[in-house]
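Database features, via Swiss-Prot:
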| type | residues | note |
| --- | --- | --- |
| ACT_SITE | ASP120 | active site |
| ACT_SITE | ASP138 | active site |
| TRANSMEM | 8-28 | transmembrane segment |
| TRANSMEM | 39-59 | transmembrane segment |
| TRANSMEM | 67-87 | transmembrane segment |
| TRANSMEM | 99-119 | transmembrane segment |
| TRANSMEM | 129-149 | transmembrane segment |
Amino acid sequence: MKRKYYWIYINIIFFIITVDFYSKKWILNHLNIYEKQKVFFILNLFHVHNFGAAFSILSDQNGWQKYFLLIFSIIIILAIIKIMIKFKKKDKNKILSYSLILAGAIGNLIDRINYGFVIDFIDLHFKSWHFATFNIADFSIFIGMIMIIKKNYYNS
C-alpha cells in the first residue's frame, strides 16, 4: 500500500475508534451495570462488561483469560498491520475491510487495557429473543469480516 493512501484508511480507523470510545464512555456515565434503556422496538442499550471474547467466550473463567485476550489482541493487531502494509493501492476493499477489523480490535483493546474487560451495550432483539450484546468495535469487526468473506466467496 502506497504511503499517500494511508491517510484515508488511518482516518477511518481513528473515526471508528473515537466513536467506539465515546459511545462506551457515554454508557459508563449514563447507565449502571445491567441497566437497560429502550431505544426502539428492536434495540435497547444494555450496559454489560464482557470479560471474555466474542459472544462472551471464556468470560466464565477465573481471570487468566484477561491476560490471554490482551496478548492475543496485540498479536492480532500487529498481524493485521503487517498484512495491510503489503496491500497494493488497487486492493481498496481489502484495505477497507482490514481497516474495519483493525479499528474494532484496537477499540476493544483499549477497554481491556483500561478496565480489564470490554464494555458492551448494543442489545438487538425480537420479542424475547436477544442477540449477543455488542459494541461499535464489535460491529466494525463484523462488517470487516463480512467484506472479506464476501470477497473470498465471489472470487473462488
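Glycine is treated like the rest: Cβ placed from N, Cα and C.
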Distal contacts, the transmembrane segment (99-119) - CB-CB under 8 A, six or more residues away: 9, 12-17, 20-21, 24, 27-28, 47-51, 66, 69-70, 73-74, 76-77, 80-81, 84, 135-145, 147-148
Same-chain residues near the transmembrane segment (67-87), Cβ under 8 Å, at least 6 residues beyond its ends: 1, 9, 52-53, 58, 94-95, 98-99, 101-102, 105-106, 108-109, 112-113
